[in-house]
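Student: Here you go, one structure.
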């Protein structure tokens, strides 16, 4: 009878936690799952980590409803702390074996060797660029001094260089025309302003001098008419100056920039040509043949660049000459007709000349800032 009661009591075990309260098995499974997740352990590792505390069978409460005694029962208040204890030594070994595992590791997985290789590649590329520039500069400087001291030869295109010299001389003369036209504009502007002030003074005196009213009035009207025609002529001269300025400082300057690039390419071409000739005249061993082959490649590259820029210069010089003739034909005709009409006193002819060349005059006082801009 006693054995039957004890076996029945042993089947009524109630699991308890650290505080002696009963919980469901789902909460124990949650604790185990949390342990797995936090330490990144599998089922086998978890069994090694967990060290059994007091056995739940030993801490079970035996129901006294079957006549059992209180002997051998472990009170729940004597159990403190969790029923699952962690083995710190095993955890340390686990973390040392897998340093990148676990949620506490937030560093990037970038490989330091890859970063070092990329940095080294950039440095090598910069060094190669500097090396090529230094070699090219040395060869061009050597060629330039050789030409100046008469010890080196240079490639000459007589026809093209003659056209370049004519362009430089033409640009210098056109710059002189531009400077003189600007001086004329400034002087004529001052004269127009003086005529306007003189006309205002004559008009004022015609009102205050009854005995000379007619004489002052005639002169006031004449000065106002001259001032009006002078402003019209100023519009024509300003248009002439603007067109010459565009021709000299934009069109011609662009062609001269291309000529400068052509001259630099010619110097580089001659430098590499001289280097190839010097290597070809020396001994022909294996090392020299490799250098000659490399020099031949560089020579071909510089030759193609030189010929391409020479073609560009020839085309630009041709178009520049056509554009110059067209622009100067129009501007010189405008300048002649406007000056002639003004000094002939032909106001209608002067205005017709400006309409013919589509010159728009600015209204008086348009150059002055508005009262809002002055605030």
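Each residue, glycine too, has its Cβ placed from N, Cα and C.
TrEMBL annotations: computationally assigned, not manually curated.
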Student: With TrEMBL as the source, which of 1-22, 23-44 is set down as region 'Disordered'?
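Tutor: Going through 1-22, 23-44 one by one, TrEMBL gives region 'Disordered' for 1-22.
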Student: Name the residue range among 77-96, 97-116, 117-136 that TrEMBL annotates as region 'Disordered'.
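Tutor: Per TrEMBL, the stretch marked region 'Disordered' is 97-116.
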